[in-house]
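Remarks on the structure that follows.
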Amino acid sequence: MVKTWYVLARCVDYFGMTLFTGGLFFLAFLWPDGAGQGRARKVVGTGWLLGFAGTVAGLGLQGAWAAQRPAADLFDWDLLGQVLDTQFGRVWFAKALLWLLAGVVLADLMQRGRNAATSTAWRVGAGVVTLGLLRTTGLTGHAVESGRPLLTQVADLVHLAGICAWIGGLAVLLFGVLSRRDPGDLAAVVPRYSRLAMVSVFAVIVAGVVLAWQTVGGWDRLSTTDYGRTLVIKLLVLAVVLVLAQGSKSWVARRLDFAVVLRGDAATVRPFVHSVAAETALVIVVLVAASLLVTASPGR
């Protein structure tokens, strides 16, 4: 039961990091005006809350799991002390501190809005925090156990960055841009995100292939180990997401200009909204699978 809660904490942490870092990137470089919009802020704020809560809970649950204690003991000081003596504990404690710094970045964004999102100093600060969160996440995954640690850790960083930019941006697009249906925002932001998503997906696929090969070690293990089977499920769901993404891309190419001319007409934009919403829902399944993979043995 403790492991189930631990996996859930990892999933919450992943989802929070994705929303927060991807949302910050979206607001900084694709839609600075969105930094003053309530719904876009809620996406980023929710990401911060989930990320911080998932990290703190994961830290405590790791100790309870290792000591075979109930999940209710996650804040037991003796267990926390034991966890902090491990590599995992030190990395995740650093990650918790990074989330506190991320809170400062978020507070400045909430207070200054567009002025913060377009500020070089704020972007540098947000970038440093984002890199730290991505790196600490990778340091507790299977990439550090590879026979080629440099290759797999670089691939892991690229993979995580691509996922965050793609999925975090998808959430801000859905709840921030598309919910308003402002023709100016549709004309400016949607094409930018479409290009970003294409680059991000390419990075995710290439880096993911490298990670999968280095971690699994052979095609036969995709069907003979729990890790391999979970990876296959993740890839199948991801393939469905990519099909939906292609449909969204097709809508942007064929219907976006028409939607702008009609000033964001709800009936015209609705198919795009449904496609993006379906992508977002399925992505949650991908993140759950990723959490299971992190806590499972590759079986090599």
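Glycine too: its Cβ is placed from the backbone N, Cα and C atoms.
According to TrEMBL, the feature domain 'Copper resistance protein D' maps to 188-293. The feature transmembrane segment is assigned by TrEMBL to 12-31, 43-67, 87-107, 157-178, 198-219, 231-252, 272-294.
At the 8 Å Cβ threshold, with sequence separation of at least 6, the transmembrane segment (12-31) comes into contact with the transmembrane segment (157-178) through 3 or more pairs. Across the candidate stretches 43-67, 157-178, 198-219, 231-252, the maximum count of CB pairs under 8 A to the transmembrane segment (272-294) is reached by 231-252. Most Cβ pairs within less than 8 Å of the transmembrane segment (157-178), among stretches 43-67, 87-107, 231-252, belong to 43-67.
Summarised as a single figure, the pLDDT of the domain 'Copper resistance protein D' (188-293) averages 76.
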